[in-house]
């Protein structure tokens with residue numbers, strides 16, 4: 001009783017007084033026709049509250065309606081619904097899948113918080129053009145609550161698949177950025193972020209990263225690009241542990257090097273990105289069990305300088321670790337570390353290449369960073385030619401994230417990383433939750449770079465296998481077929497991760513190996529050598545222009 | 001009378017305890033599969049110490065038909081066959097072999113290589129973190145220990 005009178009007071013008190021006067025002017029004509037007085041500007045709130053009411057009724061039943069509380073004046077829809085909600089017994093605080101606490105409707109919401117949407121905004125946003133505000137947000141799992149905040153002005157919309165709407169929101173935001181409409185983009189990104197948080201699952205995670213990256217782009221807050229730091233190392237290591245992509249890269253590259261090198265006393269490998277040196281233990285083990293005894297192994301590891309701790313020598317530490325392993329399995333091992341900001345700064349003369357060595361160059365996810373400046377990639381290819389390696393192994397992401405048009409890049413990246421996150425969620429690989437989260441953050445940084453950065457800061461300039469083929473071909477390299485042994489071993493490795501053969505796919509494409517998730521190839525591994533006459537003519541003109549998927553040759 | 005004769009014969013025959021002939025015991029244990037070897041370890045102290053300390057028992061289990069001196073040297077250096085079996089061979093076998101293959105079957109060269117590579121990576125990862133006995137630190141191979149979500 002007391003509650004009702006309070007509400008009544010609210011209705012007729014000063015707070016609403018102004019509104020009562022306005023109501024006569026902008027009350028909704030349609031609803032007035034059936035006897036309800038609702039201000040047009042309140043429509044959104046009413047819809048929202050009706051949703052809440054329905055949720056409450058689903059959970060608690062309508063028992064509270066049978067209580068003695070009298071709800072006055074149902075024609076005033078706004079106040080009436082608010083009143084019922086306030087009287088709903090013990091409505092629990094709901095949490096979404098990311099454990100953010102969303103305030104329950106019991107907490108009195110000040111009038112100023114929920115402001116109505118100005119009409120032009122809705123019209124500009126194509127998605128809600130033909131839909132009214134009064135729709136309900138449905139998802140396949142439990143009823144989800146969008147976060148209630150002063151910024152959340154867009155009402156929930158009815159869709160069969162919440163994920164589709166989420167993708168649409170992200171795409172609309174990217175389109176707005178492409179067209180230069182900053183205000184629209186800014187509203188959309190907030191909306192997308194809200195949806196992403198309530199989505200959950202791998203879709204929600206990807207969407208959150210993309211929404212964050214879009215926000216950074218809009219507000220011009222570019223993240224510092226740490227070339228290297230112990231944090232980056234940790235993220236990288238967790239990504240190595242949680243997914244097969246790096247292992248696939250390492251195993252196939254090692255295989256290519258081992259197959260190419262027949263008999264030599266020394267193997268000299270130049271690793272363009274040493275990181276933690278996780279590729280080389282397996283390589284050394286393969287050398288150790290070679291019939292006829294192991295050759296000597298020289299490793300030249302290249303890495304970026306440490307920004308957080310310039311005095312620490314992380315390359316040497318990795319070298320020491322590898323040396324200890326080599327000592328255990330009785331391999332003659334020599335290590336040299338080279339620190340440089342960019343591969344283009346590398347001078348081949350410092351590598352000290354000796355006579356009679358079998359030289360291999362290994363680049364795992366490193367070459368695409370050079371594409372920010374075309375002169376860099378040319379310089380590196382020239383360096384490679386001066387080194388005169390017997391084999392060059394290249395592993396790169398199989399995606400085109402280097403197009404000149406932002407929107408296309410964004411779309412490509414969205415689908416690529418969605419597949420990637422999907423695969424990590426779906427496979428058994430994650431040793432524990434924390435490792436998976438770290439691995440996802442590793443990818444999240446890449447996403448941020450692809451979407452938010454431009455110019456020289458954007459280093460994640462992935463290109464497809466076809467594009468790399470053309471580039472390396474022009475640079476004077478010709479492809480070497482990866483043998484069927486590599487294929488079989490890769491398939492076996494992936495068999496350890498897969499759930500009964502589903503999920504990861506290893507495919508062969510013109511001598512290169514592709515690792516993908518279901519039908520989408522994600523990582524391409526290839527091997528190269530110096531073309532005999534310098535320039536290798538591009539065999540197929542189509543290869544240069546083709547960015548789309550190939551038809552794959554299955555073994 | 002016949003019974004007495006038998007008893008006499010029995011007394012004349014030397015009693016044979018397998019535990020007195022450790023070399024024969026070893027030969028027998030070598031041919032067991034993994035779970036049987038584990039069971040054997042529970043029989044008595046001698047058997048337990050044999051299975052724990054004698055690595056050659058596990059070697060036969062790991063690479064039954066594919067073994068060479070160089071492989072042995074590597075495996076021993078990296079931690080021994082028992083560890084190889086526990087950490088790599090058993091999970092790999094169970095992941096790859098359950099569907100079509102028989103239990104005791106010939107390893108292919110690729111499976112040998114794969115297991116050895118994974119084992120080597122595992123040893124490498126342990127180098128930096130100090131000799132921690134538990135498996136928690138060697139995370140790179142944890143994916144082998146997880147059950148597959150069906």
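Indices start at 1 and increase along the chain as displayed.
Using the three backbone atoms N, Cα and C, a Cβ is placed for every residue, glycine included.
Between the listed ranges A:185-217, A:317-349, A:350-382, TrEMBL ties the annotation region 'Leucine repeat II (LRII)' to A:317-349.
The feature motif 'VHIID', as given by TrEMBL for the ranges A:257-261, A:262-266, A:267-271, sits at A:267-271.
Among residues of the same chain six or more beyond the motif 'VHIID' (A:267-271), those with a C-beta under 8 A of the stretch's C-beta atoms are 257, 261, 279-280, 283, 287, 295-302, 351, 353-354, 357-362, 387, 389.
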